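**Student:** Pulled these from TrEMBL:
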{"type": "COMPBIAS", "residues": "575-590", "note": "compositional bias 'Basic and acidic residues'"}
{"type": "DOMAIN", "residues": "30-213", "note": "domain 'DH'"}
{"type": "DOMAIN", "residues": "254-452", "note": "domain 'BAR'"}
{"type": "DOMAIN", "residues": "506-569", "note": "domain 'SH3'"}
{"type": "DOMAIN", "residues": "602-665", "note": "domain 'SH3'"}
{"type": "REGION", "residues": "575-598", "note": "region 'Disordered'"}
Amino acid sequence: MAEHGTDEPSSRTGSPDGECQVLEDRSLLHQRLAVRELIDTEVSYLHMLQLCASDIRSRLQQLPQGDLDVLFSNIDDVIEVNNRFLHDLQETESREEEQVHLIGNLFLKFQEELERVYKVYCASYDQALLLVEAYRKEPELQREIQGIIETVVPQAGPSGLSFLLVIPLQRITKYPLLLQKILENTVPDASAYPVLQRAASALQDVNTNINEYKRRKEVASKYTKVEQLTLRERLARLNTHTLSKKTTRLSQLLKQEAGLVPKTEDKEFDDLEERFHWVSLCVTEMKNNMAVYLDNLEAFLRFRPQEYDLDIPGGPVVQYCSLMRELQLQAFPQFKQRLEGLVWQPLCSLAKALAGPQNLIKKRLDKLLDFERVEEKLLEAGSVTYEEQEARHTYQALNSLLVAELPQLNQLAMHWLGQILCTFVGLQRDLAKHVLQRAEGSLAQLPHSHLSEPAFRKLVEDTLGQTGHQLRSFRENLDKVLPPPATQPLLPGAERQVQALLSRYGPEKLYQVTSNISGAGTLDLTLPRGQIVALLQNKDTKGNSSRWLVDTGGHRGYVPAGKLELYRVTPSQEEVRGQEWPHKDSRHLTPEPTPAPVSSVPVVTQVVAVYPFVARSSHEVSLQAGQLVTVLEAQDKKGNPEWSLVEVNGQRGYVPSSFLARAPSPAPWGWSLPS
């Protein structure tokens, strides 16, 4: 009996059922160890992240904020997601029987969030390493950084920052391995097995997507750089390889336009690109308008009527001057300062932020032409070179990145622009409120403050009507005293250019620039006062009639219509034109009616400048309308009566004779007007 009892356990252990039970127990033990490793390492990992975000980042204040943003990227978002993940992971410990099943579902639940935060961190990792390498070239700074890290994280060792920055990358790549370890120790027929399989596959996909996103960002960063290169620098970059690529792309584009090869259609991207260009146009237009608004505001602040002697004694004028002086010194300068800080600077930043994507969209078109050519070759030959395969991948990476991120960029840009507009409206409202508050006391003391609004409006309309009638009468009488409007003098050496424009376009198309023009846009012209141009079209491509397309005889472009006046061709110019080109239509040979030339002013005569004149050389002198001028010689050195030598405020120089008029005898109240 004893022997039989002794043999029974050994026979049970050696049976197949006994061996299976031992294997199951061993697998269960390894499974629990793998789960414990997952939870324990997650606790340690999260603790290390919190040390980086709180202790280390706060002590590296000697580094610029921009460097800290690159080094630690979105580590706060990573901590927030992993903190919730760890909390849910630890809660599974209370349900040991279904813990493995819950862990699989937990990874599936956090799949999208993990991918979202880790792809941003991983994409900026290479840039962070470049900063670390730069710090190593500064021994003193490197010692400070190393000392801080060794104090907080002694196990970092000599690697320092590199050791800490790589931890999130190591963690996200380790999740599939930990899940695989749990899966290997789970029996295939267990209910948790398919869930763990899906979780392991999902985390593999997360890592694949992160790598693809990182590759796309690297390609994009290569093409988003906006370089301001001179023509010489651009030519220096040309070589046989770049010329070959550009020629191939042009050939592909011409084939598509001719219909010889099909053109790739991508409606999704086309819609996104159209919306992006619309947003960019809105930003550009608002930036231009805001620049003009600031210029006008600056001009308004320079004009200070309260500082002039209005020759009106006391009363409302004193109150008005006091109020305007206070507003000019405080309210309006404060408004201008807030406008520049809260509207203009954010608007410039927004325009700058859109420059990179604009360049990326342009590069996508180049890469699309390369892609289409390679696809065409692949269909014909069945194989492509390594370089051509890389061109395919580059286009696919650029296109995928733009399609994925342009919607968000468009939305953010529109939100940003909307906030800027709301801020601008708010600043205008605050200015109006501030001015009314300051003026409240003064307005109560002004005349007619007791009148109702309709009565005051009627009073203002009547007063303006009477004043307007007086001004019209004054202008009519003044026109009888002043000589007729004179044509601006031509620029030196411009006669040949005027003759060329006259023969090509006729006198009815010639205009003269009345004031200096500084071109702001790409197609805008910069012209001096007095320049003769020929009108090509009285509106721009958008139908804006305030910008005219003109020809200077050498360049074509747009100028403000308000700075042009019809040029009055002199009879001598028409005669030359008729002699040199007798075959032209005789209708163009008839000059427009021109005013009779003003007779030469007697020598050493006191006259008045009728029009302002800006000197363009050291031989000329500037005039202001109404300024007293002494004529020294009524002609230039060549005997030309169109120019007079004058003296103004102690300065001598030539001015157009037609800009001068004899000064009428003064009367007690100003000009003596004819009855």
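Placed from the backbone N, Cα and C atoms, the Cβ positions cover glycine too.
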**Student:** What are the helix, strand and coil residue counts for the domain 'SH3' (602-665) according to DSSP?
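**Tutor:** Tallying H, G and I as helix, E and B as strand, the rest coil: 3 helix, 29 strand, 32 coil.
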**Student:** Where DSSP helix means H, G or I and strand means E or B, what are the helix, strand and coil counts for the domain 'SH3' (506-569)?
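**Tutor:** Once the DSSP states are binned, the domain 'SH3' (506-569) shows 6 helix, 26 strand, 32 coil.
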**Student:** Restricting to the domain 'SH3' (602-665), what is the model's mean pLDDT?
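**Tutor:** Here the mean pLDDT over the domain 'SH3' (602-665) amounts to 82.
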